[in-house]
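Pulled from Swiss-Prot:
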| type | residues | note |
| --- | --- | --- |
| BINDING | C272, C275, C307, E314 | [4Fe-4S] cluster binding site |
Amino acid sequence: MSYRPYQQIERRKSRQIHVGKVAVGGDAPISVQTMTNTLTTDAEATIAQIRRAELAGVDIVRVSCPDQESTIALKEIVREVNVPIVADIHFHYRRAIEAAEAGAACLRINPGNIGSAERVREVVKAARDHGCAIRIGVNAGSLERHLLEKYGEPNPDALVESALEHAKILQDHDFHEFKISVKASDVFLAVAAYQQLAEVCDHPLHIGITEAGGRRTGTVKSAIGLGNLLWAGVGDTMRVSLSAEPEEEVHVGWEILKGLGLRHRGVKIISCPSCARQGFNVIETVAALEERLAHIQTPLTLSIIGCVVNGPGEALMTDIGLTGGGGGRHMIYNAGKTDHTIAADGMVDHIVTLVEEKAARIVEEEAAAKAAAEQAAQEAALQHETV
């Protein structure tokens, strides 16, 4: 692909922290998060749900810990999954300490509702002792009373002031491994608050539109809000909040990042909405391909266009392309060039095979290049030693 300046996004410069093995902020990739909706005390169900999210590509998972039974179960959950776990804590400072001891990689708290300064000190000590990061989670629906009285309602100034007050509490304890979120269900409020916060601090930001709604409504609201922020370079880690299964949140989060070219994973399908000119059933073909190609993680682009109006042009910019043609024959493109024609029968199977083979070649080539680079580095090191 050619270099296109209009596609470049300059990300906000932020401090880098670590949530377990995942770097957040700085030049680290924007991580995708979700949250379980099982009872945390049901460790088996929670682990199964996290594993489904892992298959979808999640980087970090948040788990609610409302009681001691949950923090007890958390230890098993952390042990059995492959991604860092954030323990969601409200009000009960002991739960935060227990979660840190259980192996949580991050504690999601509001220092202001944990209790006395002594309790905050104990939580910070537990986080430091166990290598936990902290997420300061400000939400328009649970702002402190004094800020509501000061501003009259949740607004960007109130959210940012709350976030900075909480950040100062941690900084006063010489704790700096934290990220901040200022979420709201209103897209305008959330975006404005994040933009304002991004201008006054360099802490990594967890972005999200809270209580966004069901699958369709929540996806649209999140795409508008998060897409706006990410396009402006704001955001180091993100969650799409949906009234849906966690893996669906992960899928949508990845699609937002892929749409902006910020991360790449799996097959990106470019397809037309179809019309009377289509040479094959585009909608059914795309649905089948999305399902059949979901297992591929190697970044690839695939165009599925029903006719020759836009098909050849789209195929120029994709790894593999399909354009509907006449007489029941359709053109397959490889790397933007015409390659061969195919009939509708068996077309989906054929494209799946082409994509799988190309993905396998890319993996092999990348592995070979990595091995060659490592070999060259070893030889250079040996040569340096003999000089």
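Cβ from N, Cα, C; glycine included.
DSSP assigns C307 ([4Fe-4S] cluster binding site) to coil in the three-state reduction, outside any helix or strand. Counting other Cβ atoms within 10 Å of each Cβ, the binding-site residues C272, C275, C307 show the lowest value at C275. Shown in sequence order, P273, S274, R277, Q278, V282, I305, G306, V309, N310, G311, G324 are the same-chain residues outside C272, C275, C307, E314 whose Cβ sits within 8 Å of the Cβ centre of the [4Fe-4S] cluster site.
According to DSSP, C272 ([4Fe-4S] cluster binding site) sits in a coil region rather than a helix or strand. Under 8 Å, Cβ to Cβ, and six or more positions away along its own chain, E314 ([4Fe-4S] cluster binding site) finds I270, S303, I305, G321, T323. In this structure, E314 ([4Fe-4S] cluster binding site) is part of a helix by DSSP.
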